[in-house]
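A short worksheet on the structure shown next.
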Amino acid sequence: MKALQFGAGNIGRGFIGKTLSESGFSVIFSDVNQNIVDAINYNREYFVKIIGSNQNKTVNIKRVSAINSNDSNIKKIISSVDLITTAVGPTALEKIALIITQGIIFKIKNQFTKPLNIIACENKIKSSSFLKQVVLKNLPIKYHDYLNKYIGFIDCSIDTIIPSINNKDDLFLTVEEFKEWIVNINQFKGAVPKIVDMKFSNNLDAFIERKLFTLNTGHAIAAYLGLIKNYKTIQDAISDKKIRVIVRSAMEESGSVLIKRYNFNKNDHLDYIEKIFLRFENPFLSDKLERIGRNPLQKLRREDRLIKPFLGAFEYNLPYSNLAKGIAAAFYYHNKNDLESIELSSSIKKQGLESTIIKICDLPVNSKEVYSIILEYNLIKKIIR
C-alpha cells in the first residue's frame with residue numbers, strides 16, 4: 001500500500017505520516033520545502049518522540065520518501081497510490097487541488113481504475129468535501145463521472161498537539177501521546193484502508209466541531225491573550241490566572257453551543273475540556289504563542305474556531321462574552337513576520353476596527369455581534385492587566 005502525504009510539516013510527519021507508516025503504508029511526502037524533501041530522501045527515516053502521561057518513548061518511522069510539490073512527476077505518483085492525505089493548511093488546499101486534478105487526469109488517460117481515497121486533514125470543517133469541489137471545478141466535465149465512481153473524498157477530524165521545537169535533526173519531532181483521527185466511513189471508494197487508531201463515524205460534524213470549538217478555540221484565545229501580555233508559550237499564558245479564567249470560560253461557552261446543537265452530555269464535555277487543559281499545561285509540549293496565533297485572517301473567518309462558536313452562542317441565545325474577549329484579542333495581534341497579521345493591522349489602521357471586523361468575519365453591519373467585539377476590544381487590556 002502506498003500513500004502520498006501533502007505537507008511534510010509537524011502534523012504531516014508527526015501524526016499522519018507516522019500513523020500511515022505504522023499501518024504498513026509506504027509514505028511519499030510532498031512539500032515545497034526542498035531542504036525537508038532532501039533530508040527525507042537522504043535518511044529514508046525519521047524519529048518521533050512521544051510524550052506520555054507516565055513515560056516517553058522514541059519511535060523510528062521508516063518506509064518514507066519525498067518529492068517536491070512542483071515536480072511534474074507527482075502526477076504519476078497520484079495515479080498509482082492508494083491513499084492521498086493532506087496537512088498543508090486550509091489556505092493551501094486550492095493549490096493542492098490543482099496538482100491532484102492533474103494526477104487524476106493522468107490516471108484517467110492511462111485507464112487506471114483502482115480506487116483512490118483522499119483525506120484532507122485540515123482545521124477546516126469538511127475540508128475534503130471542499131477539496132472535491134475545487135477539483136471538480138478544474139476537472140473537465142467529461143471526467144466527472146470517473147471521479148464520482150473511483151475517487152473518494154473523506155471528511156475527517158484530527159486532534160493532536162505537535163509543538164515546534166528546535167532540534168539539530170531537522171526531521172526529529174516531539175508529539176503528545178493523545179491523538180484522534182475520525183473519518184466519515186460512508187465516503188470511501190472501494191475497500192476501507194486499515195489504519196492504526198482510525199475511528200469511523202456517521203456523525204462526523206459533531207466531532208469536527210467538538211475539536212474546533214474546544215482545542216482550536218482554546219488554543220487560539222490563550223495565544224492572543226498571552227501575546228498581549230508578551231508571554232512566549234502556551235504554558236506561560238495558561239499560568240496567568242486572568243487569562244486562564246477567560247480561556248476556560250470561552251471553552252465552556254463554545255461547549256454550551258455543542259451541547260445544544262448535538263445533544264452532548266454536559267458532564268462528559270466538561271471532562272473533555274479538562275483533558276484539553278491538561279494537554280495545554282504539559283511542560284514537555286511547550287508551544288510558542290506566535291506559532292499558535294499565526295495566520296489570524298484564517299482564524300477569524302466566519303467558519304473557523306473563533307467566529308463560528310461565537311455565532312452559535314447568538315443562535316441559541318447563550319453566553320458569549322468570553323468568546324468575544326478572545327476574538328477582540330485576535331484583532332490586537334501584531335507580528336511583523338506574519339503577512340496576515342500585517343494585513344490585519346493595516347486594515348484596522350486604514351479602514352477602522354468596525355469595517356475590518358465586518359469584512360474579515362463576514363458579520364452584519366450594525367449588529368450586536370460586531371459591537372460586542374468592539375466593546376471587548378476597547379476593554380481587553382484592562383481586563384487582563
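Including glycine, each Cβ sits where the backbone N, Cα and C put it.
On a predicted model such as this, the values are computed, not experimentally measured, just so you know.
Look at Swiss-Prot and you will find ALA3, LEU4, GLN5, PHE6, GLY7, ALA8, GLY9, ASN10, ILE11, GLY12, ARG13, GLY14 tagged as NAD(+) binding site, backed by sequence analysis.
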Entry from the binding-site residues list GLY7, GLY9 having the most other CB atoms no farther than 10 A: GLY7
Other CB atoms, at most 10 A from the CB of GLN5 (NAD(+) binding site): 29
